[in-house]
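K.L.:
From TrEMBL, here are the annotated features:
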- B:12-33: transmembrane segment (TRANSMEM)
- B:40-58: transmembrane segment (TRANSMEM)
- B:64-83: transmembrane segment (TRANSMEM)
- B:90-109: transmembrane segment (TRANSMEM)
- B:129-148: transmembrane segment (TRANSMEM)
- B:179-203: transmembrane segment (TRANSMEM)
- B:215-240: transmembrane segment (TRANSMEM)
- B:252-271: transmembrane segment (TRANSMEM)
């Protein structure tokens with residue numbers, strides 16, 4: 001792959017829900033080895049984009065390709081095999097399973113045991129042993145090794161988010177989609193998450209695409225940003241460029257003013273790009 | 001000592017057979033429940049297997065092994081046909097389609113003169129017996145325990161908990177659903193064939209909707225955390241009416257009451273513990 005073509009290319013992605021256009025012709029190009037942020041006010045269509053990229057939701061129009069190979073029409077499991085992994089906005093770990101089993105489930109596409117399961121073939125046992133060791137490695141990487149045998153649903157909220165990241169890493173992805181990884185975390189947890197995500201990029205060479213509302217996190221972590229508003233892309237560039245973009249400022253201030261008038265506390269109040277810059 | 005055991009067996013043989021056959025049926029519905037689907041077609045699959053096996057034995061004199069293989073294959077094919085259009089979808093479509101399958105099977109058996117129609121099929125020679133029944137049950141129990149403790153078992157539990165997340169983890173959802181249904185139908189067919197060859201008579205009435213619900217209740221009472229649980233549920237629900245026989249007229253009432261209480265106070269089954277899946 002040449003350094004100029006992106007690892008993930010999203011072109012003209014569109015999703016209509018009975019007349020409502022949730023995502024409207026969005027283009028995103030994510031370069032290998034970078035952290036790319038997808039930001040925008042609530043309801044801008046960020047999670048819908050994620051669902052279409054990961055194959056959970058079919059797009060009305062548009063194309064998605066990974067490393068030059070089109071993913072269009074492929075079911076989620078095929079995309080996972082191609083090197084795509086994701087986490088969910090509302091945590092979706094397998095809560096009845098243990099923490100270790102959750103991570104091992106993420107390896108499903110990479111394990112090949114077949115009928116050998118029925119007679120515990122040496123190949124099956126070797127594979128299972130290796131998978132368990134790798135799962136423990138990943139748990140160590142996210143700092144959850146001590147909880148390996150706990151029921152996943154019993155973990156505190158922040159740990160469940162980290163488990164979801166470990167489970168996504170178990171898919172051996174090239175690109176990880178992270179849907180609001182910092183949601184519901186306290187400042188200390190968010191700070192630890194920032195370190196973890198940087199290590200994913202710098203130590204493991206992973207490419208990340210994340211949706212996030214925590215602007216200080218986004219601004220200090222992301223190499224590049226794409227901003228959505230009402231389903232349309234309104235800006236794209238480095239954090240410094242996006243922060244100065246008049247359209248972005250208008251979108252965020254507009255959202256704040258609208259919410260201020262209704263008396264609601266805006267979710268992005270502390271997260272305006274311009275504020276984070278100060 | 002052996003004489004006493006022999007006496008016991010002859011007195012209770014139909015009950016002993018029923019516990020084993022129902023154990024296999026409970027495992028067959030467990031396979032489908034384990035991937036988060038609901039099948040109400042187990043009685044129909046059982047009936048198709050029973051008629052296939054019995055007809056081959058009675059009309060063509062095939063060896064028991066051949067009848068058994070056919071009794072597994074024909075319901076499995078039927079499952080492929082029913083599963084094809086329904087298993088690509090998420091939700092209760094399989095349950096609805098299998099209810100339909102049960103009704104169609106019932107009507108066909110009722111009107112099929114070659115297979116005895118409403119009078120059923122009688123004079124089925126005794127084959128297999130208690131060893132075949134419990135041997136099959138044991139092999140299936142061990143097999144499913146081994147599968148549960150592997151990547152396949154983890155994928156199945158993941159589907160049961162959160163299908164979309166399981167798909168994103170790389171689980172081929174349609175294939176897992178289809179394999180589970182086909183395996184389940186084959187097992188129900190085998191149970192039907194085994195039971196037909198120890199009861200000398202089968203009729204269309206034995207494989208109706210009531211039986212489908214009864215089979216489902218084995219897994220609901222026992223639980224689906226491990227393969228042993230539904231088999232235990234089947235044993236309890238088969239024995240209970242017999243144990244309660246001294247209650248005479250109140251028998252069915254108390255039987256129902258016990259089931260209602262068990263489901264109320266043990267909603268995840270008598271054996272709620274899930275099997276470890278990292279072995």
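Keep in mind that glycine also has a Cβ here, set from the backbone N, Cα and C atoms.
Automated prediction, rather than curation, is the source of TrEMBL annotations.
Are these features on the surface or tucked inside, and what are their neighbours?
P.N.:
Cβ atoms under 8 Å from those of the transmembrane segment (B:12-33) belong to residues 39, 42, 45-46, 94, 129-130, 133-134, 136-137, 140-141, 144, 160, 180-181, 183-185, 187-188, 190-191, 194-195, 198-199, 215-216, 218-219, 222, 224, 227, 229-231, 233-235, 237-239, 242 of the same chain, restricted to positions at least 6 beyond its ends.
Packing against the transmembrane segment (B:90-109) from elsewhere in the chain are residues 32, 37-41, 43-44, 47-48, 51, 78, 82-83, 115, 163, 177, 181, 204, 207-209, 212: each is 6 or more residues past its ends and has a CB under 8 Å from a CB in it.
Sequence-distant neighbours of the transmembrane segment (B:129-148) (same chain, 6+ residues past either end, Cβ-Cβ under 8 Å): 9, 13, 16-17, 20-21, 23-24, 27, 30-31, 64, 156, 187, 190, 194, 197-198, 226-228, 231, 275, 277.
For the transmembrane segment (B:179-203), the list of distant contacts is 14, 17-18, 20-22, 24-25, 27-29, 31-32, 34-35, 37, 39, 41-43, 45-54, 57, 64, 67-68, 71-76, 78-80, 82-83, 87, 94, 116, 118-130, 132-133, 136, 140, 156, 215: same-chain residues at least six beyond its ends, Cβ to Cβ under 8 Å.
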